[in-house]
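Below is one structure, written out as structure tokens; comments come after it.
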Amino acid sequence: MDDSVSFIAKEASPAQYSHSLHERTHSEKQKRDFTITEKQDEVSGQTAEPRRTDSKSILQRKCKEFFDSFKRQLPPDRNSELESQEKNNLTKSIKSRHLVMISLGTGIGTGLLVGNGQVLGTAGPAGLVLGYGIASIMLYCIIQAAGELGLCYAGLTGNYTRYPSILVDPSLGFAVSVVYTIQWLTVLPLQLVTAAMTVKYWTSVNADIFVAVVFVFVIIINLFGSRGYAEAEFIFNSCKILMVIGFVILAIIINCGGAGDRRYIGAEYWHNPGPFAHGFKGVCTVFCYAAFSYGGIEVLLLSAAEQENPTKSIPNACKKVVYRILLIYMLTTILVCFLVPYNSDELLGSSDSSGSHASPFVIAVASHGVKVVPHFINAVILISVISVANSSLYSGPRLLLSLAEQGVLPKCLAYVDRNGRPLLCFFVSLVFGCIGFVATSDAEEQVFTWLLAISSLSQLFIWMSMSLSHIRFRDAMAKQGRSMNEVGYKAQTGYWGSWLAVLIAIFFLVCQFWVAIAPVNEHGKLNVKVFFQNYLAMPIVLFAYFGHKIYFKSWSFWIPAEKIDLDSHRNIFVSPSLTEIDKVDDNDDLKEYENSESSENPNSSRSRKFFKRMTNFWC
């Protein structure tokens, strides 16, 4: 059997399928850990001694284990159980509960909680909601496609950044990997700057102090590897989601006149100052900000190589994305638009330099006379910013590791320690994080805008590449006569959903180009500075793409469907046919029907089937 291919499931009944996989994975993990321990004893030449239980010896042992964890992973030839795995193994420490919370809350930070204030001022309330609505349709199609590929290539380091290289074109894969890696490397200082801006709501103390505190905090979290990241995100995202729920309830009460110092508000701000700020061009400014706000949701796939049971966790997380879109993004955005006028001087990007710029969530509550609560909201916004900084320090090193394994970066960066941490890549990310100490500069908001310029457009490129990869994957499966039963999870939006996502992404890029050459606030006149602030990622992508073409002298623009390698790196699922599943379900239903007291109702089994299908679809 080819080492690069993992046959995850054999012929089995539907009920035994996921259970047997989990049992085998758990037993193999135990066996592997035991074998590694034996090998370590053989290499050291020492006989295992009974462990002393006094506190001093325990402390010494813990310290030794901590320092030893930074050593390079044991080479594969010391353990036959590891020979079939990737060269650098990332620790499988992320559980299903972590992944569900990551899919719901990761990425809720700068874009939604802070950056929305700027685009509200340029687009108006109706423009902001319309832009987010279109972006939401695209995102759902993308995540469904990415979930299908994510389960097929769960063990691939770098995950979706390597899909284009395998399924579309190596040059496209290289360009997307480069720009996406740069995005996550710049997101870290962006969040540090945002943290300093958030703290200024309370105090005017030197911002670099807070940058240093947040920086050290996320470093400590990530020193615990993927487990530390996952547990921290579980806590952070729980706080964010609770804040969102609380904000929704409070915002409705305020709008109805039940809190604060004002009467019923209703849709007052949609009439005065109005629904749109700058017409259709204002709506176009929303698209990239919406993409940036939704960014980070794909991290659930990047962590696939470190998940204990991706067969269960990835489909569940992908299905729950719709709740994040509707409840966390769309609903909160609509409520903010009902409580904050787009001409408010307190919004980020306002022309009034004397205003105290704050998050639109804080403005929505504080401007209507509600006391204390804005401080809690601002505190959760700070937690959200720290959460995204934590995600960037998790994602950035793993993307660098993927580039190093592909030979794009020096091989020394492929160093992975015994706890599964890409250590040298981690240090490179820390260097980029130091940019965050410009928070004390007078040009703080300018730095924020430039860092956001790199991040926002990059998100569209990675999403488009994921959809293109899914399209080419389906084309190759059909062309080579492969069955879709080999796929563990099928995208609910199907083949054409990916085409819709690609078309929307292209539309966004065209709109962003229009806004870049004819900015809203420049009265349609070209401004080079504003152009690059809106379109900075495009030159990076083009340079990386054509540079790769020239260097490798590869002039084909895609891999033919019949030549796409569908075996290497892919998990192949062999599940029972649909006919067999139906037979099992029918037999079970028949027994339940005969033994049930309500067997007189012939529609009972049919209703149970319908309920089960609905549950599987939404949950």
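Using N, Cα and C of the backbone, Cβ positions are placed for all residues, glycine too.
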Legend entry - membrane_side_equal(SER204, ILE314) from Swiss-Prot: no
Inset, instruction - Of the residues LYS39, LYS591, LYS609, give the one that Swiss-Prot describes as ubiquitin cross-link. - result: LYS39
Inset, instruction - Check the transmembrane segment (321-341) against each of 100-120, 173-193, 205-225, 500-520 and return whichever range has the most CB pairs under 8 Å. - result: 100-120
Inset, instruction - Report yes or no: does the transmembrane segment (100-120) come within contact of the transmembrane segment (282-302), defined as 3 or more CB pairs under 8 Å with a sequence separation of 6 or more? - result: yes
Inset, instruction - Sort out for me which stretch, of 173-193, 234-254, 369-389, 447-467, 530-550, has the most Cβ pairs below 8 angstroms to the transmembrane segment (123-143). - result: 447-467
